[in-house]
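These features come from Swiss-Prot:
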ACT_SITE  Asp102  active site, proton donor/acceptor
ACT_SITE  Lys167  active site, schiff-base intermediate with acetaldehyde
ACT_SITE  Lys201  active site, proton donor/acceptor
Amino acid sequence: MTELQIAAQRALRLMDLTTLNDNDTDEKVIALCHQAKSPAGDTAAVCIYPRFIPIARKTLREQGTPDVRIATVTNFPHGNDDIEIALVETRAAIAYGADEVDVVFPYRALMAGNEQVGFDLVKACKEACAAANVLLKVIIETGELKDAALIRKASEISIKAGADFIKTSTGKVPVNATLESAELMMSVIRDMGVAKRVGFKPAGGVRTAEDAAQYLALADRLLGEGWADSRHFRFGASSLLASLLQTLGYDAKGTGSSY
């Protein structure tokens with residue numbers, strides 16, 4: 001295998017194969033679950049809206065891939081600062097059967113100078129998730145924060161409040177994952193000494209095997225080779241899968257999403 005193919009194989013097993021579109025249907029989610037069982041191996045997870053969790057669970061079980069995890073989103077995509085609503089949505093996602101919850105950090109509140117509400121919101125959602133053995137990823141929306149100091153601060157607050165992962169983006173704003181924001185966020189994980197318990201997820205804009213290889217190389221450099229396993233690293237993507245399969249010599253269609 002070439003270096004790119006090795007990276008593509010790694011990346012495929014780290015994918016949160018995603019559809020978060022307003023026109024999602026049961027049929028589209030079923031098709032996504034079928035794609036998660038790829039000829040080159042299973043993706044780590046599918047990421048879908050909460051109402052589709054039951055049909056995804058049924059599909060994954062019936063196709064013999066019960067270990068593919070189901071991630072969903074809460075406080076999404078706007079990252080409002082109403083803790084109670086974020087908590088109610090997170091509890092509902094858990095009740096639907098989510099294995100993982102990706103909650104949006106109240107990033108606009110942080111930009112306005114309020115650090116406390118972000119901590120309190122993540123902490124409340126973490127307590128709900130921990131009680132159900134559900135993984136919590138916190139989306140800090142780096143493309144809106146823009147400023148390196150704010151990206152670092154949002155990462156630090158999320159980690160201190162209990163995040164299991166910090167994630168770049170919703171995929172719903174003009175600027176999503178970038179290597180620059182990834183380096184900032186993984187550097188925080190390294191500098192806080194939490195690499196054993198906290199992972200990183202770039203999302204939105206990671207579309208090719210070459211893109212994925214760059215993120216994995218960055219993770220290897222900052223946090224050590226072997227750190228970026230499925231407990232510590234995910235790609236939030238949809239169209240990436242087709243590129244990975246093509247790189248690995250398989251013919252496959254993408255999901256057609258821009259995520």
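Including glycine, each Cβ sits where the backbone N, Cα and C put it.
Where Swiss-Prot records a feature, it is marked here on the structure.
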residue : record                                                  : Cβ neighbours (10 Å)
Asp102  : active site, proton donor/acceptor                      : 28
Lys167  : active site, schiff-base intermediate with acetaldehyde : 28
Lys201  : active site, proton donor/acceptor                      : 27
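Between the CA atoms of Lys167 (active site, schiff-base intermediate with acetaldehyde) and Lys201 (active site, proton donor/acceptor) there is a gap of 4 Å, rounded to the nearest whole number. A separation of roughly 10 Å, to the nearest angstrom, links the Cα atoms of Asp102 (active site, proton donor/acceptor) and Lys201 (active site, proton donor/acceptor).
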